[in-house]
Amino acid sequence: MTAIIDIFAREILDSRGNPTVEVDVTLEDGTMGRAAVPSGASTGAHEAVEKRDGDKARYLGKGVLEAVAAVNGEIAENLIGEDATEQVAIDRMMIELDGTPNKGRLGANAILGVSLAVAKAAAEACSQPLYRYVGGAGARVLPVPMMNIINGGEHADNPIDIQEFMIMPVAAENIREAVRMGSEVFHTLKKELSSAGLATGVGDEGGFAPNLSSTRDALDFILKAIEKAGYQPGDDIMLALDCASTEYFKGGKYEMAGEGKSLSPAENVAYLEALCNDYPILSIEDGCAEDDWDGWKLLTDTLGGRVQLVGDDLFVTNPARLAEGIAKGCGNSLLVKVNQIGTLTETLDAVRMADRARYTSVMSHRSGETEDATIADLAVATNCGQIKTGSLARSDRLAKYNQLIRIEEMLGATAEYAGKSILRG
């Protein structure tokens, strides 16, 4: 009943208006799973390959018809007839079929679309929600959201070097309340920015992209918004940063052009330490560049006991990169992006490896998203306790928050909100 009888991919558009891959997988009993693949703006050099056509006459070279053809041709030919409940075997077949270390032949966007659609079809056939099918009976922890309310870097057209400024409603009693708290701060921040004569247009992930002068300027606005919304910074709501520092690491220096700073790796660590001393920062993502292992080690030795240090470009959801980081004592948290590695199986392997090393995991969206809310289910399935899925604007972001609210309702009295259990030190 769970044999795959049809696999069909199409080219659709993501939240930035760029093409992406969507896949439908149909099973023998008539059930169907559908998955759409996200894409990033700031991408790590070690990520699996997102296959683009390169035809400048079509979507400015960003079309994905080759990836679609790979799904409808080679992948479908090899997977039709396979049992959709055998996720590990199916993912392994696609990895072997591709035959490259970074999924560059068929494309990680082709392989991931099939991998996730297979899981969703199998869950439907088993009459289970996706979080339960993937996570089993123990899947019940609702994650604390990292809500990106001010954008900089590659996600906005302003002089702020750091890419994301986020709030984390750790004192909420449940996900529904966490979303409410975040929404109230978001709308209060909009009023504060408007009153200061600053723009309130939003960036790729729904956060505001005002023309602020510095990192501290952005943090001060957020603190004021938290307080005016009736909450206590550092108690009710914590702060988080995504530096995306690989984007401004040039010639061995951290070139923060917006602030006119040129910092050595040691000076960059001191800069971040000073921010953590002055603001209630719970988490810093990509505080050092993806191949600055010495900088990462210094950052971890300096702040790792009290701050969550998340590797995104550093680890790219890749078990091999993560193992190297664990061995070197770099970072203490894994950012989980399914399209960085390209299959559900490898994603879950990375989360398990992080857990064994006592690293936390943060389930994450990409800046180019769709209405697909799979990562909400995966956050609960893995009990990872944290999710990063943008601001309280744009339906591509809210789809994930709304799905978490639904999952909490389904879990009923067994649901647990991670809350302050994620705090370090």
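Positions of Cβ are set from backbone N, Cα and C atoms, glycine also.
Reduced to three states, the DSSP call for Lys337 ((2R)-2-phosphoglycerate binding site) is coil. For Lys337 ((2R)-2-phosphoglycerate binding site), other Cβ atoms within 10 Å of its Cβ number 25. Here Swiss-Prot flags Gln163, Lys337, Arg366, Ser367, Lys388 as (2R)-2-phosphoglycerate binding site, drawing on sequence analysis.
What Swiss-Prot records for Glu205 is active site, proton donor.
Every protein chain shown contributes to the tally, and the Cβ of Asp312 (Mg(2+) binding site) ends up with 29 other Cβ atoms within 10 Å. Per Swiss-Prot, the feature Mg(2+) binding site maps to Asp242, Glu285, Asp312; the stated evidence is sequence analysis.
Per Swiss-Prot, active site, proton acceptor is recorded for Lys337, and the stated evidence type is sequence analysis.
With the fewest other Cβ atoms inside 10 Å of its Cβ, the least crowded of the binding-site residues Gln163, Ser367 in this structure is Ser367. Glu205 (active site, proton donor) counts 31 other C-beta atoms within 10 Å of its own C-beta, drawing on all protein chains shown. Note on proximity: of the recorded positions Glu205, Asp242, Glu285, Asp312, the one nearest Arg366 ((2R)-2-phosphoglycerate binding site) is Glu205, by Cα distance. Checking each of the recorded positions Gln163, Glu205, Lys337, Ser367, Lys388 against Asp242 (Mg(2+) binding site) by C-alpha distance, the shortest gap belongs to Gln163.
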